[in-house]
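Engineer: Sending over a structure as structure tokens; questions will come in a sec.
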């Protein structure tokens, strides 16, 4: 809070104070911080030179017009600066200059005094008025020299000096009927200014006792806003004379200080001296009134006395507080640190004392608090963390309560919006997903659609999807799959081969468009579904294409005799790899049969001794749709040597157990993959 003073006669453009120096800021930053000057009275008397950082006078000041008879005269200004937001209060005291001379209400005063008046008789005079204050106001009075009269100065309760003419020597109307004097009022300025009035005193006979007020100066306390017609006081005036000379009439004595002002608010009964209110009284407009009453008798000549009444008003709580929102920063970032200034709030209450003491309140559940900057000015600051995702804005109700009885309340509500900050990473609906795609599906086939959400808003919630490259046998995953960056749909890039890759782990990243961008990842397990695209392969017996396998058996082999065994494998899996063996039908019945599942060829019926070689075509067929097959030609020749060794008749290769059990291995592999998938699904659940 800054305080300056300036004389009222200073020329416009004069310097009042060095704002930049007193505020401790760089002059060059005033323009960039958008320095603004706000007058609390609504009238702009000052301006700011941003280049020099100086407060200048904008127009000539008239202290008497601005503050009247107030002993102090201050103009209140507010300086508002931004980046950061700051509010400074400036008080400028307007110093009085002796620019007004004393002046009497009338240029000539006519007084009357009876010739029988005793020395010491006092004749009240009109008080001169000087709009200046302090030492520049009226200092003293002087009266031109006279043999019969002298000047006496009394001081009223409010400090006003009241001149009176005092009779010092008895009068003789027959010698001098009229006395002409000059009354001079002088102020205390430098140089001294003065004003004069002519005083004419007529010396009369008879009525020699004036009305007398008891007490001559009184004080009354009265509540503001009392009903019209309320009795203020009844004047106590006595006149020692009798008859018409003691019959007193009352009237207001009007001065230039406030011509007719109290006469509009108070009424005076001219016969009883009762003073009553005739209009509402407002403490905020004026807290006291000085009433001068003239008491005049009906003698000839008439004599008069003067009563002075001071009516002091008692303030009641009749004004509600006023809330002024000086500045509001909305929206506010959700990552604003505690203590960030959100708004500047001022409060006014025209009442005085406790009735004018105001406290501000806001709801306790709000993440804000009020901090007193200086008298009647508060800052609304953050008191805790803000989270736009929980509350995108707040209705802030500021409640002003004064300390009167009963208290008066005013409230003002404004909306504060919270601006989004990219403080939330996108989240997938599931960190792991499973998809299935048929092998040999055309490129561009839909595989799966991932979904993510981001509680932020705007660009902070705009999501884009991508596949993180991870190699499969040194081949990047992007060579197999692609993703739509806008909706997260995954498609194949090329046909997949179940026999080469049975499952893919596709890492998907989602990233928002904030700054800095935040991201998260999920993994989609893509299982390739087998298709019957591989025909069975006969691994035993190995016969060149277009040739036949020759097998000899004893000529007297009995039914059930094992001739040989066909071993075949299928690169497919599941049903597509289930193989069955059968003999192709021939025109003549053959004495052999083949086991459907094992591929063993056995003698079905007894052979004749002179049996010719038999030609068998064994077909191996899988269980796929459509079914695929392979065949081998076997020529079986009976021999006379019935002692042939079984191992020789079943000429199976013993050095390749891996080939003979290949089908078993494939089945075990399929079961293992199924178990791993089940475990993964259980973990995900």
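Using the three backbone atoms N, Cα and C, a Cβ is placed for every residue, glycine included.
The domain 'Cadherin' feature in TrEMBL is assigned to 5-104, 105-213, 214-323, 324-428, 429-538, 545-655. According to TrEMBL, the feature transmembrane segment maps to 662-683.
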Engineer: Any residues 6+ beyond the ends of the transmembrane segment (662-683) with a Cβ under 8 Å from its own?
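Structural biologist: For the transmembrane segment (662-683), the nonlocal Cβ contacts are 432, 434, 502-503, 525, 527, 539, 567-570, 573-574, 577, 579.
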Engineer: Helix, strand, coil residue numbers for the domain 'Cadherin' (324-428) per DSSP?
Structural biologist: 4 helix, 55 strand, 46 coil
Engineer: Which residue counts does DSSP yield for the domain 'Cadherin' (545-655) in the helix, strand and coil classes, in that order?
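Structural biologist: Helix/strand/coil tally for the domain 'Cadherin' (545-655): 8 helix, 43 strand, 60 coil.
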Engineer: With Cβ distances under 8 Å as the criterion, find the stretch in 214-323, 324-428, 429-538 that has the most pairs with the domain 'Cadherin' (5-104).
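Structural biologist: Ranked by Cβ pairs under 8 Å, first place goes to 324-428.
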Engineer: Pull the DSSP breakdown for the domain 'Cadherin' (5-104) and write it out as helix, strand, coil residue counts.
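Structural biologist: Breakdown, helix to coil: 14 helix, 38 strand, 48 coil.
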